[in-house]
Every structure is written in structure tokens, then in C-alpha cells.
Amino acid sequence: MSTKYIFVTGGGTSSMGKGIVAASLGRLLKNRGLKVTVQKFDPYLNIDPGTMSPYQHGEVFVTDDGAETDLDLGHYERFIDINLNKYSNVTSGKVYSEILRKERKGEYLGATVQMVPHVTNMLKEKIKRAATTTDADIIITEVGGTVGDMESLPFIEALRQMKAEVGADNVMYIHTVPILHLRAAGELKTKIAQNATKTLREYGIQANMLVLRSEVPITTEMRDKIAMFCDVAPEAVIQSLDVEHLYQIPLNLQAQNMDQIVCDHLKLDAPKADMAEWSAMVDHVMNLKKKVKIALVGKYVELPDAYISVTEALKHAGYASDAEVDINWVNANDVTDENVAELVGDAAGIIVPGGFGQRGTEGKIAAIKYARENDVPMLGICLGMQLTAVEFARNVLGLEGAHSFELDPETKYPVIDIMRDQVDVEDMGGTLRLGLYPAKLKNGSRAKAAYNDAEVVQRRHRHRYEFNNKYREDFEKAGFVFSGVSPDNRLVEIVELSGKKFFVACQYHPELQSRPNRPEELYTEFIRVAVENSK
């Protein structure tokens, strides 16, 4: 079977939920027995989002092979339950950088390097590479931003050329557009959707399907009007309404025959998607019997997307305990030893996620200290693990001023130090310890029990600093347990305190591998204990 290509674009405005549409369609097609992969095109000039502020971009999602990517890849993985790779996120910066390297090497044989054909050819190559490296039957490529944006023009042109290159039966264009709801007048306006589709047509692409983003349902008459003006079959005008839970969306799209229309267009003979298990999960999620409050102490809490995988992993873990997770967003900058009880005291558990830089670290340390002294279940992630060690060094070992070398190069007690292979690294982007690495678990530890007594777990990392082994013996003598280490025993992966309800921190990012129907084990145990703690 020829590889099938589905392209998801957006018009009218950004943040239309294209990623969720792509992920939901991917789930439906996977449940038809098809092998699906998904890819995100980001037209910005950064090589990747690794050095971008979370306030600009939200979370950086890390793949197994160590690519720092757009947060939409997290949606793809969680919805479809697949592991993506470095070919699943392509930026203008990455493409232009590669083209310029080739030009300097003389690989273009003296040609004038241009947007067409050189940039567009490379973009088409990236699409095909993502499909071939995963042996996918179908690749869904989402283009970030809005059709008509200056920076996205080469991407749209590459998508246009794909139809001629691989055949009309192997390509489908899905355009996501807004329907404006004027609440005061009680009216729905379609002009933005019509103009957005017209703009796409001006670039040579006729949409085969429209996905309408709306707060309220549209009428059949309005659907037919949009279909006529946009030259799309009425049945291929799909509504994506606001929902209570994101995981309802695949079911809503299936109810409108979206996946069948896609299969018919691409001439795919695939059985109907069996969504019974997914439907049961959604029904469970919407009828949780308990509630648990978790304090998330972070420095980017003004933008929840900065912690989207963390919050989703907490929710997934809640599903396993039949509990809705109520997140109390606590700005680490506001936390002190004096007010920490007031800010997190009513939470059944505390999570301290990752981050970079000095700002907010003392607040995180205060929250960790509060959890340790008051036996509140606590989970630390990445920087959260490093600051767990700093807090213990200061307040249990008496090492006044102990810190991470990253945050205080003058500290007398650098309990967190730079990794040996990072000492001479000068570039900031793409040089961290990234991707999947194993952790060997300690017998009898809380971590090993959480991971069902596994000997080794593999989880994704994103860090440059590590626990300083010079202090390991002193920590162990004081009761600090190193419950997960690298197979060569050099890198500390998990730490914990015994005798506590749950006091565990890990260097890796377990949330990146959590799924709604398969929650990550460390998160699951944390929430299970927190639910018990809230009784």
C-alpha cells in the first residue's frame, strides 16, 4: 500500500486546536488497524524550542531519541499511544540551517539556492522521512500557525506539491477554521471560515475537509452554506465543539464519520474503528468519584501549557485512583518559609516540576522542606530532584549555603554539579542530556515498588547537571536513599526518604511517557498516596 499523507492546516487565527484534531484523527485511524505517525511543522526560525522561554512556547516535549520538540507532540503521543522521533518536528530554522550547510559544502553544484525548489524539496523530504522511519501507513502533518503567515509560505507550497508528486488519492488536506459566536446577539458568523478557506485556495490547495471550531453547534443550513462557499462536500464539514474533556474529541469526530470520510478519500479499505475501550475510559473520566488537591509549585504557573505533560500525567494517575486531580497553581516566586503552610497547607500532595534558572528556586526549596517536615506526599521532577538534594543538604546535613553549581557557582557545597561530559560544551541549544536512558532500581525502595519491582526502567531526560557523588556517602548516612542510578552507578536518577508517606524525586521526566489509559507508575503511586492522605 502506498503511504497516505494527511495535512492539517489552520486559518483565521492560531490556537485553533489543530494538534488535538490531528491527534484525535490519528487515534481513530490507529483503531482501524492502520499504522499512524504524526508530524508537526513549525515555521519559526529557531532550530528547536529547546532554548525558547516557556512563556513564548509552553512546554518542550522530549522524544525517545532526544529531540526537543513542540508540545503538540505530547498530544500526539498521549492520544495515539505511539512514540515519535526527531523527524516528527521540523522548524524553518532546522531546514534553513541544513540547506546552508549543504550549500557551503558545495552539494548544490553551483545552483542558486532558492525557496523553490530547495526549501520545498527538503520539506517534502522531511515528510517522507518521518513516514519511512516509522514504516507508517499514514502520516498526519500539522502546520503550525495560520495559512497566510509570511513564514509558513514555503511549508504550504511543499504541501501543494505533494499532491502532484504522490498522487491525489494519496493526499488529503484538512483545514481547521473558526466559527465566530457573537454571544450578545446570539449569532454565529461564518465569514472568517470562508475567507480562511479562500486564502488556502489562493496558495493552490483546495481543502478536502473543513473542521469548524466553535463554542456552540452550527445548524445544517449553516453547514451547507459553508460547504457551498468553500467547495467542500457537506458531509466533510466537521464540527469540533468545546468539550469538558479533551479525550471526548475522538468520539465526537467519529460520530460525524470523519475517519470514514478520510478512508474513502484516500481509498483505504479499513475496518471500522473499535472505540469501545476509549469510550469506557472517557465515561470513567467523566464520572470520577473522588477528588484530590495537588499543589504544583513552579515558576511558570501563569502559563499552564508550560507544564502540560505534568498536568496530564497527574490527571492520568487520578483516573487510576478514581479521583479528579484539582491542581493548586503555586508561583514559586511567592513561596517563603513563613508563608509556605498558607500556600500549600491544604494540598494532599506537592509536586515540584522542572525548570531552569535561579528565579523561584528558594520557593521550591521551601515547599520541599515543608513536605519533608510535615510528611506531605511529594514528587520532585528534574530540577525538583536537584532541589530536594539541596534542601536535605542545608537542613539535615547542616551544609549552610549548599546549592547547585548551576544556580550558585560560588557555593561552598555544590551538591549538584555539571555533568563531566558537559564541562566543555559552549552551545546552549541541543546539548543537554536528552532522551531515553535507563535507571537501575534499588531493592526494597519505594521507587522499585512503584515500578512493579522492575529491575530497570527507561525514561526521558532533559538536563545538564547531576547529583555530586562526592556527597553521596554523607547523604546515605543521614537516611537519604538513592533508589535509582544509571547502570554504571555514576548518575543518580531517583532519590527518596524512607519512613515517609511518599517522598520521591527523579532526575528524568516521567510525565513524558504517561498515557490516559496507561498512567506513568511514579505519578500513579504519588496520586494514590495523596488520595489516601486527603481522607
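In case you wondered, yes, glycine gets a Cβ from its N, Cα and C as well.
All protein chains included, C382 (active site, nucleophile) registers 22 other Cβ atoms within 10 Å of its own Cβ. The annotation active site, nucleophile is assigned in Swiss-Prot to C382.
If you look up Swiss-Prot, you'll see H509 (among others) marked as active site. H509 (active site) carries neither a helix nor a strand DSSP state and counts as coil.
Within the same chain, residues at least six positions away from E511 (active site) with a Cβ under 8 Å of its Cβ are S309, V310, E312, A313, I381, E520, Y523. Residues or ranges marked as active site in Swiss-Prot (evidence: sequence analysis): E511 (among others).
Taking a C-beta cut-off of under 8 Å and a sequence gap of six or more, I20 (ATP binding site) has these contacts in its own chain: H75, F79, S240, L246, I249. For S15, M16, G17, K18, G19, I20, D72, V243, the entry in Swiss-Prot reads ATP binding site.
The secondary structure of L383 (L-glutamine binding site), as reduced to three states from DSSP, is helical. The annotation L-glutamine binding site is assigned in Swiss-Prot to Y55, G355, L383, G384, M385, Q386, E406, R464 on the grounds of sequence analysis.
Note: E142 (Mg(2+) binding site) has non-local neighbours F7, V8, T9, K18, G19, A22, V38, Q39, K40, F41, D72, i.e. same-chain residues 6+ apart with C-beta under 8 A of its own C-beta. The Mg(2+) binding site annotation in Swiss-Prot covers D72, E142.
Summarising the annotation, Swiss-Prot assigns domain 'Glutamine amidotransferase type-1' to 293-535 and lists sequence analysis as the type of evidence.
The region 'Amidoligase domain' annotation in Swiss-Prot covers 1-268, and the record cites sequence analysis as its basis. Per-residue pLDDT, averaged across the region 'Amidoligase domain' (1-268), gives 95.
The maximum pairwise C-alpha distance among S15, M16, G17, K18, G19, I20, D72, V243, the residues recorded as binding ATP, is 18 Å.
Within 10 Å of G355 (L-glutamine binding site), counting C-alpha to C-alpha distances, fall the following of the recorded positions S15, M16, V243, C382, H509: C382. DSSP gives V243 (ATP binding site) a coil state; it is part of no helix or strand.
Taking CA atoms as the reference points, H509 (active site) and V243 (ATP binding site) are 28 Å apart. For M16 (ATP binding site), the number of other Cβ atoms no farther than 10 Å from its own Cβ, over all displayed protein chains, is 23.
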